[in-house]
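The structure under discussion appears below in the form of structure tokens.
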Amino acid sequence: MIAIGLEGSANKIGVGIISHPSPNKPPVVLANLRHTFISPPGEGFLPKDTAIHHRAWVVRLIKQSVRQAGVKIKDIDVICYTKGPGMGPPLQSVALAARTLSILWNKPLVGVNHCVGHIEMGRAITHATNPVVLYVSGGNTQVIAYSQNRYRIFGETMDIAIGNCIDRFARTLMIPNDPFPGYNVEQYAKRGSILVDLPYTVKGMDVSFSGILAAADLLAGQIGEDIPEKKRLRSEEGELVTKEDLCFSLQETIFAMLVEITERAMAHVGTAQVLVVGGVGSNERLQEMMALMARDRGGSGFATDERFCIDNGIMIAHAGLLEYQTGVTTKLEDSTCTQRFRTDEVFVGWRDD
Amino acid sequence: MASESADPLPHAPESQYTHTLPLPFTNSDLAVLTQGAEALVYRTTFLTPHTPCVLKYRPPKPYRHPILDKRLTKARLLAEARVLVKCRREGVKVPAVLGGDWEMGWLVLEWIEGRTVRKVLDEWVHRLGLRARDGRDVVDLADEVVQRDEGEMRRLLGLMGRVGRAVGRLHEVGVCHGDLTTSNLMVRPPGDLQEPGPERTEDDLEGEIVLIDFGLATQTIHEEDRAVDLYVLERAFAATHPAAEHLFQEVLRVYGESFKGAKVVLKRLADVRLRGRKRTMIG
Amino acid sequence: MAKVRTINLPHYTAYPVHICMFKDVKNAAFLRKQLLEANPEFDYAFLDPTMILTPQHILSATLLSLHLHLTSRAKTRTPHSELVFRLHPNNNIGESYRKFGISDDSDRIIAVKLSLTPEITNESVGQHLGSVVEGESVDVGEGVENVGMWCDVEKVKKVYKLDSNGGKGREGGTAVNGNAPTNERKEMEAVMSGVITLKGS
């Protein structure tokens, strides 16, 4: 069976085509295309502009991916789209495209939970059978474990998402948004070495980032070159603190928080496997820290590369096809989208462990 | 598909079991009790060869920046020790702090004799032959037995009441536990029974409640924190003791009378239950 | 020859602890002078027995002093001066000596000596103290259980800021409100070893 997946919950529009040859064979990626809406430095992406971007690109990407996949329209069994969670206008643009395709091609629809898309794609790519999942992106920060046909949320952010925290931090430091702020913060961090104290807020299996953002914003105001040298922020050894050091400190602190709650969830459910998904999951330092933790527990850490951990259409196609194979479709009149859609609301009918 | 990204992240087989203990401890004279995410917990002796104790060691986390790691280890051990000392000062039943070294990451606590509430309830269920296939049956059976046997009911409710009072006292002195499960509540047998006997039966339900494992505790008097403590405990009862779940009402009843302000916490608990402690999320 | 009891602290068995007690001491001023002059022959912790509650009390401070000394983090010169310092909840060394050390007119003394080197033995300590302390040696007990026999419980409570019941221990807990002296001391020492552990942090 073959599915096409449309994703557009944030600033990326992705179209992917996947084939599930048979239940016992691994899925095959036939096409996986993406285009990102990039806002100028110091600015975030606004819902309206993002929706315009998605509308401008969706047709092109669908055409291109069908061509690249080398499939005929009649071979496609189902059209999958992101039902949520995400930003309203971009979600609506993509849902509209999916409905249009469904009518044009006369194919069934499946609305997919974005988070479940990430989890299923990650499992398929890494062959991690039953990992604790850390889902980290611009809009989400969750520690998830599977139990009785649900992906249950063990821990999550009490305020803003980690990606949002990094993006806003990058904006404060006027770090460019191209290709994406987190990537640039990561490059800066590689050149940093001074650890500046930032609030570390972990409560059980939940985390909070708003305090860190406030503190980081404050620190960012003390390192500008326009500030007299005497007043600039220094380390205990007297070295001047740089943008790079702040990025380094931010990453070391917030990633340590994430790894800590993930480890707690692993101890709780008694597994030694961990899978990192979501855009922030492409960060090499986070992957390294996760792997060190997992190794210390006698297990392994898994992550996917940026083709799969950054929002994409293929994960929507994959998760949607899994659901479609259990007999579930979304009727045209129900093919809405929703900004709020919890991971644990989805009945995971395709797993029986 | 995508085989180049299918490999797990680099990993080696050794595990945390091989941690070297900090001075003055050596692995040879210690027995591991638990290995949580945070701390390795051992049973050993301290100060005299006849003083059993619990050693909690927070090993360095290899993934964490060493400065951050030291800062967190120190802050958490100190917080735990401070909360315990505060509780003991106020007469709340918790383990005493016998020693510690924040720089090196260890804390030695008094050994608490007895069994966890979880174990006591499990054994109680077992003893009454209440092992049924699913939760519902157990609840029905438990109800039946409890209704038949007034003495049993009284002892059970007594235990629940003592749990409620213990949590109430803790909250009253300005401490929230942070991880209140039935495994973190001990039932310490009355003095003359402190020698671990081979077969204890109905006396299992007797004894004072001692709260343990304050690794996530905070000093707070916020209703929300208190309500979350109760909510976590309620879920722990529900998850592990279907037969005892309905007895939780008695925990709450006695809690509600245990200190000024407890009633407000119970109201807040209703909100927390509705919310499931979780918020809905946006993209 | 003074009666010395030697005990091994678990985990620090390589450094035995020698404890002795004296009553009717006549030369406390002389002993104190040796301490003030830092006479190496007199590297002992001379303690005021009215301030020592239980074996656990003295041993928790002893173990921590030894531990900090061996890991080079002690605040004072020797583990013996560190012991006097560690016993007091505050961070003032002079105050610690005034409260827990001996004074010129002390007639009862607890002496503590750690075997940091193999030459220091039960015998050597007994011989030396027997010859320099003018007083009557009293048995400390096999498990040093007698260290608390001259304790002034109210004075100890004041220094450690404990209220009258050790802890508050209201609400009919089984042991605490029994007010039996041993239970009260148990409750007190439970808080005190915590306070000693937390000192300075």
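Note that Cβ sites are derived from N, Cα and C of the backbone, with glycine treated the same way.
Per TrEMBL, the feature domain 'Gcp-like' maps to A:35-317.
The 10 Å shell around the Cβ of A:Tyr135 (divalent metal cation binding site) contains 28 further Cβ atoms across the protein chains shown. Look at TrEMBL and you will find A:His114, A:His118, A:Tyr135, A:Asp311 tagged as divalent metal cation binding site.
Positions annotated as substrate binding site by TrEMBL: A:Tyr135, A:Val136, A:Ser137, A:Gly138, A:Gly139, A:Asp167, A:Gly182, A:Glu186, A:Asn283. In the three-state DSSP reading, A:Gly182 (substrate binding site) counts as helix. A:Gly182 (substrate binding site) counts 27 other C-beta atoms within 10 Å of its own C-beta, drawing on all protein chains shown.
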- Note on the structure: Taking every residue in the domain 'Gcp-like' (A:35-317), the average pLDDT works out to 93
- Query: Checking A:His118, A:Tyr135, A:Gly139, A:Asp311 - which of these binding-site residues have a CB within less than 8 A of a chain B CB?
  - Reply: A:Gly139
- Rounded distance in angstrom between the Cα atoms of A:His114 (divalent metal cation binding site) and A:Gly139 (substrate binding site): 11
- Taking every pair from A:Tyr135, A:Val136, A:Ser137, A:Gly138, A:Gly139, A:Asp167, A:Gly182, A:Glu186, A:Asn283 (the record's substrate binders), the biggest C-alpha distance in Å rounds to 18
- Message: Spatially, and counting Cα to Cα, which of the binding-site residues is closest to A:Asp311 (divalent metal cation binding site)? Options: A:Ser137, A:Gly139, A:Gly182, A:Asn283.
- Response: A:Ser137
- Cβ-based neighbourhood (8 Å from the centroid) of the divalent metal cation site, residues A:His114, A:His118, A:Tyr135, A:Asp311 excluded: A:Ser9, A:Cys115, A:Gly117, A:Ile119, A:Ser137, A:Asn140, A:Val277, A:Gly278, A:Gly279, A:Met315
- Of the binding-site residues listed here (A:Ser137, A:Gly139, A:Gly182, A:Asn283), which is spatially closest to A:His118 (divalent metal cation binding site) when Cα positions are compared? A:Ser137
